[in-house]
Amino acid sequence: MSAPHDPPRPEPRPDLRSLPLDRLERLVAALGERPFRARQLHRWLQQKGAASLDELTDVPRALRAALAEATTLTTLERATEQRSVDGTIKWTWRTHDGKLVESVYMPEPDRRTLCVSSQVGCAVGCTFCLTGTMGLARNLTPGEIVEQVHRANRRIVELGEGQGPRPLTNLVFMGMGEPLANYRSLKVALDLLLSEDGPNFSHRHVTVSTSGLVPMIRKLGEETPVKLAISLNATTDAQRDALMPINRRYPLAQLLEACRSFPIRNGRRITFEYVLLGGVNDSLEDAVRLARLVRGIPTKVNLIPYNANPGLPYRAPAPERVVEFQETLAARNLTAVVRKNRGGDISAACGQLAAEGGPGDPRRPAPPPLTRLPAAG
């Protein structure tokens, strides 16, 4: 007698906010509607950031009812909002399945930037990053990525800090997660965010940061026009192996070769992010090696003094060492900028995002003891 079979699971309903225009066109055709309805939906969802189907006031009620049956619509619930003394705002968003992710808004006189998350947690495991202590819960969908932008835009207007449907000017994919490890969702989200019928961000104002997934760096360069940032943080393989386990798979030589072949458009440069860890990677010898490593690559270096995280065994560099490091790079004709510490008082600075598994979360394991890094070669 054969064992009973479980009934087949129904296909999950597509998420409207994750659908590019061509998918919307196929959807409305399947529902018996004319093609112009797809562009109408696209504008509501991606340009105006509609939070519910009820907001689609010029879409027939019958079509809205059919969409409600055939699809879902990604929404993020704002779980917390924290404002720093410097004006930075950190939002924690709750997803439909109860996961928590964070976005950080950084206003400046000439721009309004949102730091966007791409995953719930992160599997890369950089030893100086609090997000890395969480592990990876799951990837975010394209809709969950772009919804961070829509929700931020709406909230900025509510707070009186911007006007129009899109007060944000810049996006940086430097939040929770490794964006290139969720490339499929990232690519769809980028297409939606750059769309003329959507938020219409300029590719010059969108930056994707990676810890060094070499094959996906090449893919990003081939398939999108956005800017690239590399989280480098070390000048030898021995150093980087200890700080960033991904280096054991894609060592510095491979990473830098991918950077050299990355298409540079309109005189733009690759940004190399370098977190300065006191007594670990902040020697002047490191600065000299860094200049040598990036030689021949159109480069901007962002120096990031380490932001202290309780439970992680690192310390910030001495202020005078930061200046000396920067001057050593400048003497070798490198543009090096010391990034301002934004939102440190609300744990919104670089390496501090951990909506789940943070220092106060009893589920978070104790960090391993720090061992001395191998001597730089």
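In case you wondered, yes, glycine gets a Cβ from its N, Cα and C as well.
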* Structure fact -> Per Swiss-Prot, the region 'Disordered' among 90-113, 354-377 spans residues 354-377
* If you measure SER209 (S-adenosyl-L-methionine binding site) to CYS129 ([4Fe-4S] cluster binding site) at Cα, how many Å is it? -> 14
* Asked: Restricting the comparison to the recorded positions GLU102, GLU178, SER231, LEU232, ASN307, which residue's C-alpha is spatially nearest the C-alpha of CYS129 ([4Fe-4S] cluster binding site)?
  -> ASN307
* Asked: Which entry in the list of binding-site residues, SER209, SER231, ASN233, has its Cβ near the fewest other Cβ atoms, using 10 Å as the limit?
  -> SER209
* Asked: Helix, strand or coil at SER209 (S-adenosyl-L-methionine binding site), per DSSP?
  -> strand
* Calculate the per-residue pLDDT averaged over the domain 'Radical SAM core' (108-345) and state the result as an integer. => 94
